[in-house]
Amino acid sequence: MKTLDTQLKLRYLGRQDYLTSWQAMSDFTNQRDENTIDEIWLVEHPAVFTQGLAGKAEHLLKHSEIPIVQSDRGGQITFHAPGQLVVYLLINLRRKALNVRALVTVMEDSIINLLADYNVIAVAKPDAPGVYVNGKKIASLGLKIRKGCSFHGLALNVDMDLSPFLQINPCGYAGLEMTQCKAEGLTLSVDELAPLLIEKMNQQLDYSHIESFHHE
């Protein structure tokens, strides 16, 4: 049966500036009501550091030409760049009967299950949200909840330049090493991994009527 809680709009945004995406998802969340269909956006960002609400200035270890944006998501500082799959989840949590912790678990489990399909063993850490392979972080998470609805989401390192992570304490953890799919032997591109990750997510979110839009 086609009801609001079974419908999803999936938007492939291509490469888009972080500030543009942030403003768009903030506006979407402010303007949505009980009849608004949930959306998931998939995007790659040009190189940018984003600082979460809990972020501390000292976690930026070195200044460079890479811009820094103060965001309204949870968490600390992280880095986005081409070759990283960013997924924004614009979900009415009340309608889906989800709390924040449950949505975090959905994101973590989806990445873990996807990597397992390619013999990459990944885990979540209860005290440090994200996904890790052999102690190295492969995916970062950060959410914002407004009016009972989520925005922001996750970033999965696929095939990117990881060196700017050395300019920060990733997610506030000094010395935290980062990894990516390519380094773990998974050679699919961002475009190839995106629908596979959505498929894993939807095994838990259970949208039965999905409409896809390509905005590149």
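Just so you know, glycine gets a Cβ as well, placed from its N, Cα and C.
The annotation active site, acyl-thioester intermediate is assigned in Swiss-Prot to CYS171 on the grounds of sequence analysis.
Within 10 Å of the C-beta atom of ILE77 (substrate binding site) sit 27 other C-beta atoms, taking all shown protein chains into account. As annotated by Swiss-Prot, substrate binding site applies to ARG73, GLY74, GLY75, GLN76, ILE77, THR78, PHE79, HIS80, SER140, LEU141, GLY142, GLY153, LEU154, ALA155, with the evidence given as sequence analysis.
Summarising the annotation, Swiss-Prot assigns domain 'BPL/LPL catalytic' to 34-209 and lists sequence analysis as the type of evidence.
Per Swiss-Prot, the feature site 'Lowers pKa of active site Cys' maps to LYS137. Secondary structure at LYS137 (site 'Lowers pKa of active site Cys'), as computed by DSSP, is strand.
Counted over every protein chain shown, other Cβ atoms within 10 Å are most numerous around SER140 among the recorded positions GLY75, LYS137, SER140. Spatially close to ARG73 (substrate binding site) yet at least six residues away along the chain are THR50, GLY52, LEU53, GLY142, LEU143, LYS144, HIS152, judged by Cβ distances under 8 angstroms. Note: the CA-CA distance between ILE77 (substrate binding site) and LYS137 (site 'Lowers pKa of active site Cys') rounds to 14 Å.
A simple way to gauge crowding: the CB of LEU154 (substrate binding site) has 25 other CB atoms within 10 angstroms, across all the protein chains here.
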